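Since the structure comes first, as structure tokens, the remarks are kept for the end.
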Amino acid sequence: MANSSRGGRETSGGGGCCCNLLCSLVQLVISLGLVVFIWWLIFHPRLPRASVQEAQLMSFSLADNSTALLFNLTVGLALHNPNKRVGIYYDSLVVAALYHGVLLQKAPLPTFYQRHKNTTAFRPEFGGKATDAGSVAVFYVKLRARMRMKVWFIKIGHFNPVFDCKVRVRVPQDGGMSASFGISECDR
């Protein structure tokens, strides 16, 4: 009895094919995960920061027989790319001015590419009518961006951050111009 297999059957590697395929797939997933993790450690991409550098409330006047404020608001916005090795493509930028939660006006900003460790400034102007004017007007500026990140020659994904900025400006007296506003960081 030279054949000592059970039941006269020889076991050939029929089930080993699926096992090899599964092991290869697991190795591929682990390798890709390791490459992505090492890439993230090297480049450590971060979203940009936004801030209000200055704000001026000009052309102040009250509408006839009401407390409605007719205004012209200029806001100095800055976008800062904090990354050391990652550039940012801004495909779409829209800034909106709100007063007491009511949208006053939207303004599109130009699209551009921002290099690493760079700050870009904008000065959108808003004009309109708001109600309930006191001695300090609190406006909210909302900046919506659609952006892609660039590492070397590779452009990565689409991100849609929204920045909320609180702008407190003194209401000018006698039709004058308000005092400058200090720097205020925006929330993401």
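Each Cβ is built from the backbone N, Cα and C atoms, and glycine gets one as well.
Automatic, uncurated: that is what TrEMBL annotation is.
The structure displayed is predicted, hence computed values, not measured ones.
Quick look at what TrEMBL annotates:
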- 77-132: domain 'Late embryogenesis abundant protein LEA-2 subgroup' (DOMAIN)
- 21-42: transmembrane segment (TRANSMEM)
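When Cβ-Cβ distances below 8 Å are used as the criterion, the transmembrane segment (21-42) is approached by residues 85 of the same chain, each at least six residues removed from its ends.
On the 0 to 100 pLDDT scale, the domain 'Late embryogenesis abundant protein LEA-2 subgroup' (77-132) averages 91 in this prediction. In the domain 'Late embryogenesis abundant protein LEA-2 subgroup' (77-132), the DSSP tally of helix, strand and coil residues is 0 helix, 40 strand, 16 coil.
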